[in-house]
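Feature annotations, courtesy of TrEMBL:
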type	residues	note
TRANSMEM	5-26	transmembrane segment
TRANSMEM	70-100	transmembrane segment
TRANSMEM	140-167	transmembrane segment
TRANSMEM	173-193	transmembrane segment
TRANSMEM	205-224	transmembrane segment
TRANSMEM	230-249	transmembrane segment
TRANSMEM	261-285	transmembrane segment
TRANSMEM	291-310	transmembrane segment
Amino acid sequence: MFSFFVIFIGINHYNFVFIVIGEFIFSLSNYGSYILTQVIVPKVVEEKELAKANSLLTASRNIINGTADVISGILVTVISYFSIFIFDLITYFITILFFAGVEVSNDKGKNTDQVRLRESIKNYRTQIREGISEVFSNKFVVGILIIAVVLQFHTKISLITVVGYFADGGKSYLYGIYFAVLLIGFSLGSLSSTKIKDKIEFSKLTVGSYAFAGIAWLLLVFLFKEIGVLIATFIMTYISGIFEILVVTKFQEIYKDKLGNIFTIFMAIAAVAQIAGLLIAPFMIKLFGNANIILYLGILNFIAIALYALNSYAVRKHKEKELDTI
């Protein structure tokens, strides 16, 4: 719709405010579509096939995003920005047609009455409160949230810092390769998740894999500098790709009807961590320099593991108290 207004209103003047508004609208639609997709998948896919479906969706999304980045870079040099908006508009209409063909069963039946605005707002507030309650009352979800928040913080600080880090080493061209590594690592991790889903216990997999990634990050960056960053980033994103699919599948199996509430709160908190990382990164660079920040980002893995372990310990103690009272 943003492209629609740009084309038919005839906006052909580009400035920073215009770009920020456009990015906000695109980000809003992307987050919304991600949550809706995770809610719809359990309704159209059998439970035993959830992990496979989630891995294929995530991998295809990352591959398409990477391909689109490459194509858009070429298109910008060949055709006008205005023509790209037309191309965006066409792709969005095609997407709408595809989703219009998805039939989702509704056990509650169809509601043909028009819902009033106040009732919708009230219902939304109720669902948000229920989502917050569900997230923070379940220690398993809290543990996952801790890992997700720290890793989002890690990723966004890295995104800002590697620009200067590669430039300081005279290898600015590696920034494009860095983005390719992000997409490839995450996509391969997503596809690999189905092979290890039932082979390793979730907590052991989480702690072991991120501890390994943290050690690998510190050693590789220290020994191999810029190339080490690329290898360490691949390891981190590969593990994160596995982690996301396992978490999404677990949520879909546990919550089902409340999945939308859970994902809304979860994504909102993760987004706050992303924003915090982006805002804090410039100040950290000014204080410590690019090289020091990149090197010691691996320590964040161990902070996440420590917090996750403390949460797991609290869960065990709570269960022991419940058994003692029986």
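Each residue, glycine too, has its Cβ placed from N, Cα and C.
Within the same chain, the transmembrane segment (261-285) packs against the transmembrane segment (140-167): three or more Cβ pairs sit under 8 Å, each pair at least 6 residues apart.
Ranked by the number of CB pairs under 8 Å to the transmembrane segment (173-193), the listed stretches 140-167, 205-224, 230-249, 291-310 are led by 230-249. Taking Cβ pairs closer than 8 Å, the transmembrane segment (205-224) reaches residues 147, 196, 231-232, 235-236, 239, 242-243, 246, 294-302, 304-305, 308-309 in its own chain, all 6 or more past its ends.
Long-range contacts of the transmembrane segment (140-167) within the same chain, counting only residues at least 6 positions beyond its ends with a Cβ under 8 Å from a Cβ of the stretch, are 134, 173-175, 178, 206, 210, 226, 229, 233, 236, 240, 243, 247, 251, 262, 266, 269-270, 273-278, 280-282, 284-285, 290-291, 293-294, 297, 300-301, 303-304, 307-308, 311-312, 315.
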